Amino acid sequence: MLSNSSFCQRASVTRLVQSVQLLAPNARTWLGRASYDQPLYGAASGGALVRGQRVPAVSSSAQRHRYSTVAGGSLGEFDVVVIGGGPGGYVAAIKAAQLGLKTACVEKRGSLGGTCLNVGCIPSKALLHSSHLYEEAKHAFPTHGIRIEGKVTLELPAMMKQKMNSVRGLTKGIEALFKKNQVTYVKGTGKLASATQIKVRPPDSDEFAQEIHAKNIIIATGSEPVALPMLPFDEKRVVSSTGALSLPTIPQRMAVIGGGYIGLEMGSVWRRLGAEVTVIEFTDRIVPAMDHEIGDRFLQILKKQGLKFKLGTKVTGAKIPAEPSPVTLELESAKDSSKKETFDADVVLVATGRRPYTAELGLEALGIELDDRGRIPIDDAFRTRVPNIYAIGDVVRGAMLAHKAEDEGIACAETIAGHKAHLNYDCIPGVVYTHPEVASVGKTEEELKAAGIAYNKGTFPFMANSRARTNDAGGDFTQGLVKVLAEKQTDRILGLHIIGPGAGEMIAEGVLAMEYGASSEDIARTCHAHPTLSEALREAAMATFDRPIHF
């Protein structure tokens, strides 16, 4: 380890660099972080776009628009109108209102929160938690000395009711936030009529009978599941993630096409509840972009839990007979077309990806063309080719993640208000909410090797962590690890990967460290409470620049 004097010198240099960054925010930041010097544009009070101009807060009650759920007629003029009420859209609307801009949000679903809250992140996490408790009660309780008289039984309707109660409570919470921040909530489908006009089709109408005028427009319409040509969704036997959240009964056999985040999470839910689940993945790895060392451990754990896998396999056809006959999938090796087989399943979950949702937006009429992946091209300030129309979230480049959309919503609103805005895309974490969870941020070891970047690696297993050992029941808390990757010369953290209990919470420490350009030694010399799971992260950091204590 470094001496105390060396450590103090390092800390002093770090503070000096951070001070320079704070004093000169327009300068390109150190060690390769994204720059702050992109041209930004603010909307002046008259609607003109003025480079670098800060817009004064609109504080007068006459300029702030009271919250309302609008049903019909002309809806007035706003500084900002957001099309889409998902994580990116509703956050952008709230932030814009907080910055003093008269703001409205158009959402067609009838409830705020988008896919994430209504049929995605939130209901899936509810089922993941409930199904984990069910599995714990069946298999782990006796290890902790908890005996249940009789048989542990599953009441699926009650589990689904708990899921929906969570969803309803949170959607109502967003409506309350709109009221608090005086955001106008417009229920209906929004369509661009011009660069400053939006037509709205109310939920109970076939016509775009309403209109809103806006100085600035933010498109935040999210994404939708991609179906396979031979397997159209009926949300009963061939389901998207939406249908997989609401199956009325537990299927005997389930096929999951796609070994990514959604497929593994929903496959885990139904495997815990009693289904025989087989994951079919075209590549030879699950979650192909995941760090390979972590991905290999993840696959071993999921197999041990009972999930089955057909890797390097593609679906070439399907037969969907009338019930109760199963769906028959025609499979073929991705590398050898002569190797074919069929596979029967009662329910098929297609989780091969999502695509941006841009239907009926009217982009073409304004000259806004989509890229080859159906996304809306934007510049570094989230502007489309029409300067006062912005786009964020799943409809633009980057990962389709709710928290990425939220951060873009805040940055976009700040940009419109004339503020300098910044989002570091190297510091956006990803989490698979299985048990154990898998979380990562930054570069994988494979990416560093491909880029020719010299690095140090440190790992620490949860089996050597005291809190994991005390919580353990059957080995499920101790089978993961923490992995830290740091630049060899500077010790700056370049990537952090965790597979283990609470990984989705622990990764925030790594994200914060990377956002501030921290070294592995910075984490290693930071006191962590004992006994906690986060001590494994500290020990992995110790292993990166020197040696761990407990392994």
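From the backbone N, Cα and C atoms, a Cβ is placed for every residue, glycine too.
Curation plays no part in TrEMBL annotations; they are all automatic predictions.
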Between Cys105, Cys121, work out which one TrEMBL annotates as bonded to Cys116 by a disulfide.
Cys121
Euclidean distance between Cα atoms of Cys116 (disulfide bond) and Ala402 (FAD binding site), Å:
7
If you measure Cys121 (disulfide bond) to Ser223 (FAD binding site) at Cα, how many Å is it?
13
Most Cβ neighbours inside 10 Å, all chains, among the recorded positions Cys121, Ile262, Leu264, Met400:
Leu264
Most crowded position, judged by CB atoms within 10 A, among Lys125, His530 as recorded positions:
Lys125
The record lists Gly258, Gly259, Gly260, Tyr261, Ile262, Gly263, Leu264, Glu265, Glu281, Gly353 as binding NAD(+). What's the largest Cα to Cα distance among them, in Å, rounded to a whole number?
14
Minimum Cα separation from Leu264 (NAD(+) binding site), reported as the residue among recorded positions Cys116, Lys125, Met400 that achieves it:
Lys125
Suppose the NAD(+) site is Gly258, Gly259, Gly260, Tyr261, Ile262, Gly263, Leu264, Glu265, Glu281, Gly353. Which further residues of the same chain have a Cβ inside 8 angstroms of that site's Cβ centroid?
Val256, Gly267, Val279, Ile286, Val287, Ala351, Thr352
